[in-house]
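The feature N6,N6,N6-trimethyllysine is assigned by Swiss-Prot to K5. Here Swiss-Prot flags N114, T164, K168, R286, H318, S370 as substrate binding site. The active site, proton acceptor annotation in Swiss-Prot covers K166, H285. As annotated by Swiss-Prot, Mg(2+) binding site applies to K192, D194, E195, with the evidence given as sequence analysis. Residues annotated as N6-carboxylysine in Swiss-Prot: K192. As annotated by Swiss-Prot, site 'Transition state stabilizer' applies to K325, with the evidence given as sequence analysis.
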Amino acid sequence: SVGFKAGVKDYKLTYYTPDYETKDTDILAAFRVTPQPGVPPEEAGAAVAAESSTGTWTTVWTDGLTSLDRYKGRCYHIEPVAGEEEQYIAYVAYPLDLFEEGSVTNMFTSIVGNVFGFKALRALRLEDLRIPIAYVKTFQGPPHGIQVERDKLNKYGRPLLGCTIKPKLGLSAKNYGRAVYECLRGGLDFTKDDENVNSQPFMRWRDRFVFCAEALYKAQAETGEIKGHYLNATAGTCEEMMKRAVFARELGVPIVMHDYLTGGFTANTTLAHYCRDNGLLLHIHRAMHAVIDRQKNHGMHFRVLAKALRMSGGDHIHAGTVVGKLEGERDITLGFVDLLRDDFIEKDRSRGIYFTQDWVSMPGVLPVASGGIHVWHMPALTEIFGDDSVLQFGGGTLGHPWGNAPGAVANRVALEACVQARNEGRDLAREGNEIIREACKWSPELAAACEVWKEIKFEFKAVDTLD
């Protein structure tokens, strides 16, 4: 008979290969698969591998014009999820040739582009990716990284302090600049545009950039420290985004900001390249992440979005707090915080890390803790995140009863007290409250802050837990 065998056949015949030895150059993915009733896990896992690589629903004659064995994704291992009915972790290996070099956009289009609407699955979640060194090397990564940032700012041996300017919408540019100045003068390293602040009728971007730059230079002159304000360059088109970044560079400011999920990976990578070429640091906000990562059985875990950001490029990224008003279980959060900062991360399922990841020499990203935190959290934050982090207190600075500058003073005093106590060998986890109370003696600003927030807690059960 001439031709090929037409018709529909089971995916598992071609795409489930339990004997496959993964290659060092493969991209590996761990999917949490919830098959529809009656669909065997092997078929579900194979379907994911097929639909996110070379497969389609029926045999096609053009299959004969290529080598499926060379290009197909393979489901090479399946394990049931402990404590969950009908959930499995399916491990899929993708040959590197399926992906365009240096394109996070293409990587995601391939791996998570189509398969999440697949009918044979009730739900699907991408838990982790192993990016091979061969692929890592095709990305520029963060514009500068942790060490270069410290050198630029001349700030060592402690976490950096930030503050998001509130109310986030409605201030005029001049009043906004005033708020920035007060915070920086009081002792913060950075202030931040809120992620929703782009260029609205009440405050156009160019006016804001100019007033913030003025605030920055005034605060620098008064304090003798380098200051920064994250100027949000996010815009409706890539050209407009670049125009804003160029203007920021012309003003001579040290850092700009981007919302990488709403802005998109293509825009983000473009901006990251510009930032490296022009000496700008890049702060990344993760607006929209919870739409993708909050459901336990469907979507993508934030650790995947964090890896993607390190490849696309950013010097800071928001990463939850463990202690404030937003999600983040401690071990899981520290898992992806280490993925952002370190060169090499061992597989460790207790922290949700499914694969060993080697970033070789790609620069690291500073995790930003932000959301509902205040001076009483400082010992815990210093202990959990360590020196290489940015701690951001929005309401925890601007909500100070005496104003922004005293709010900034309170945070800086609390931070310096915690760092000193840690360096003297004290246990921040146990003696934290005591350390803050002692520091209050020398700082009326801190004492006032401690009084305001002594009872505030945001306590709900975490959603993001290991099984």
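Note: Cβ is positioned from N, Cα and C throughout, glycine not excepted.
Using a 10 Å Cα-Cα cut-off from D194 (Mg(2+) binding site), none of the recorded positions among K5, R286, H318 qualify. Put simply, E195 is the one of the recorded positions K166, K192, E195 whose Cα lies nearest to the Cα of N114 (substrate binding site).
Look at T164 (substrate binding site): DSSP puts it in a strand. Those residues of the chain, other than K192, D194, E195, with a C-beta within 8 angstroms of the mean position of the Mg(2+) site C-beta atoms are T164, I165, K168, D193, N196, V197, Y230, N232, M257, H285. Between the listed recorded positions, namely K5, H285, R286, the fewest other CB atoms within 10 angstroms of a CB are found at K5. Within the set of binding-site residues (N114, T164, S370), the lowest number of other Cβ atoms found within 10 Å of a Cβ is recorded at N114.
Comparing Cα positions, K192 (Mg(2+) binding site) lies closest to T164 out of the recorded positions K5, T164, H318, S370. Candidate recorded positions: K5, K166, E195. Nearest to R286 (substrate binding site) by Cα distance: E195. Spanning the listed substrate site, residues N114, T164, K168, R286, H318, S370 have a farthest Cα to Cα distance of 37 Å.
When each of the binding-site residues D194, E195 is scored by how many other Cβ atoms sit within 10 Å of its Cβ, D194 comes out lowest.
In the structure shown, across all protein chains, K192 is the one of the binding-site residues K168, K192, H318 with the greatest number of other Cβ atoms within 10 Å. Checking each of the recorded positions (T164, K168, H285, H318) against E195 (Mg(2+) binding site), the C-alpha distance stays within 10 Å for T164, K168, H285.
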